Amino acid sequence: MKSSTAPGIRFITSFSRDSWYRGFILFLTFLFYTAYHLSRKPISIVKSQLHRNCSTVLQPTDLNITNNATWCDWAPFDQDNYQTLFGVLDNCFLVAYAFGMFFSGIFGERLPLRYYLSFGMLMSGLFTCLFGLGFYWNIHSLGYYGFIQIKSMHHWLQIRNYKGIRVAWGVRNVQVMNGLMQTTGWPAVVACVGNWFGKGKRGFIMGVWNSHTSVGNILGSLIAGAFVSSAWGMSFIVPGLIIASTGILCFFFLVEKPEDVNCTPPQHHSEQESVETEQDSAHVDQTVNGAICTESTDLVEEHVEAISFCGALSIPGVVEFSLCLLFAKLVSYTFLYWLPLYISNVAHFEAKEAGDMSTLFDVGGIVGGIMAGLVSDYTGGRASTCCVMLLAAAPMLFLYNYIGQRSLGTTIGMLLLCGGLVNGPYALITTAVSADLGTHESLRGNSRALSTVTAIIDGTGSIGAALGPLLAGVISPTGWNNVFYMLISADVLACLFLTRLVYKEVQGWCGCGPRMRGFKEF
């Protein structure tokens with residue numbers, strides 16, 4: 001009797017070689033950017049440990065306490081202006097990230113992505129660990145303190161007496177370098193995924209894939225929360241080791257393009273767009289002495305130069321979505337850095353409990369990103385999908401501030417809902433929209449524009465990411481209500497920048513213009 005093939009083997013062989021490679025690249029890049037976000041999250045968890053309500057903390061009997069109100073705080077965050085200092089600390093990372101992002105895409109187009117990502121993750125791991133090592137003052141290397149701007153033995157002696165103040169300065173400089181290294185991640189992973197996947201179901205695929213942002217935030221919160229009460233330095237060291245490990249994995253296994261392993265490249269445009277592009281290309285052929293001079297597509301592709309910064313800005317839709325993302329990311333990153341402290345202050349949770357509760361916002365973000373991708377794939381309206389979700393987010397933020405802490409059930413429900421509405425548009429713009437614009441038909445097959453376009457969009461958004469936590473640090477002493485008014489205003493402004501694109505999409509749906517999938521007529 002002839003033996004039948006095992007069900008598991010039949011399942012494996014039902015997928016083509018190309019499908020296995022695409023799935024593998026999707027998993028790898030998901031893992032890589034999960035590690036990036038995982039290493040950013042600890043600072044928001046540790047904040048509530050650096051400044052605590054010392055009246056509820058048991059005082060050690062062998063400790064000489066001079067100030068009962070701040071004895072358990074970590075200087076210099078034991079002062080009344082601790083929220084402003086937290087805002088400055090966040091901005092050291094975020095301003096460096098925003099500044100570096102505009103250059104990161106340019107480097108990403110010109111360097112092998114495997115080397116670029118591996119270097120970025122290894123260096124991010126190093127500086128994340130250095131942040132945590134500030135907690136352990138048994139390090140006496142002059143080189144280490146020289147790095148964090150200690151220039152003499154007198155200053156070194158001051159460190160031993162005034163740990164908290166010097167930690168703040170040291171951490172600030174480490175934060176700047178970490179922010180610069182973190183910029184290597186996003187343009188590179190989006191470019192890599194864009195090389196492997198076409199436009200067909202890009203919104204859904206990248207919506208699922210983009211859940212790495214929320215998964216990284218959740219894991220970062222849980223890992224940091226496990227150490228925050230006992231030794232907050234480990235809240236940084238463990239994530240630093242994780243991202244460094246993924247950098248090594250990237251070096252050995254990442255495949256930048258399908259052609260590198262003899263796989264079929266994806267189709268970035270519809271059949272109609274491809275025909276029109278071919279027709280346009282035919283008009284460009286030059287006739288010399290009656291003979292038509294043509295080049296093969298492969299040869300043209302090989303010699304295409306990386307797009308310039310101004311060239312990327314001229315792609316229809318790039319400016320509008322970049323400005324929209326500036327305000328959308330302002331809201332998202334304010335929650336990323338300040339939500340645990342808000343929950344701790346308003347709901348009076350402990351640091352670990354507040355960190356765990358804040359992960360619900362990211363769980364909602366996973367669902368929101370997937371739904372935004374599905375809807376935009378079905379309707380062809382990327383801008384309209386973002387605008388509707390941003391408009392719905394504004395009243396939800398207002399309700400969360402006023403009724404979100406009345407009961408545990410209300411808190412969970414509002415965090416999930418707000419997370420979905422806030423992070424949905426942010427996820428869609430930074431993934432499917434960036435990939436669509438980076439492979440826009442006006443580029444005539446230039447595949448080397450994707451990283452630059454992604455860097456411009458995310459770099460502009462990162463300006464908002466830097467402003468949000470800074471403004472929260474400045475405004476929060478006047479009351480949390482004012483912080484939420486600022487976030488609601490940012491959501492409304494994000495919608496306004498998409499009005500022209502939404503109008504074009506609605507025209508297409510009503511038959512007044514071409515029905516658009518992607519950004520053909522923007």
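All positions are counted from 1 along the displayed chain.
Glycine is treated like the rest: Cβ placed from N, Cα and C.
Values in this document were obtained by computation on a predicted structure and should not be read as measured data.
Annotated domain 'Major facilitator superfamily (MFS) profile' per TrEMBL: 28-506, in sequence order. Annotated transmembrane segment per TrEMBL: 20-38, 84-103, 115-137, 179-197, 209-228, 234-255, 318-339, 383-403, 409-429, 449-471, 483-503, in sequence order.
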Along the domain 'Major facilitator superfamily (MFS) profile' (28-506), what average pLDDT does this model show?
76
Could you tell me whether the transmembrane segment (318-339) and the transmembrane segment (483-503) are in contact, taking contact to mean 3+ Cβ pairs under 8 Å with a sequence separation of 6 or more?
yes
By Cβ distance under 8 Å, which residues at least 6 away from the ends of the transmembrane segment (209-228) in the same chain are close to it?
26, 29-31, 33-42, 44-46, 48-49, 193, 234-236, 238-239, 242, 336, 340, 351-352, 355-356, 358-359, 362-363, 365-366, 369-370, 373, 419, 423, 427, 430-431
State, in range form, which of 115-137, 179-197, 409-429, 449-471 has the highest count of Cβ pairs under 8 Å to the transmembrane segment (234-255).
115-137
For the transmembrane segment (318-339), which partner among 20-38, 115-137, 383-403, 409-429, 449-471 gives the most CB pairs under 8 Å?
449-471
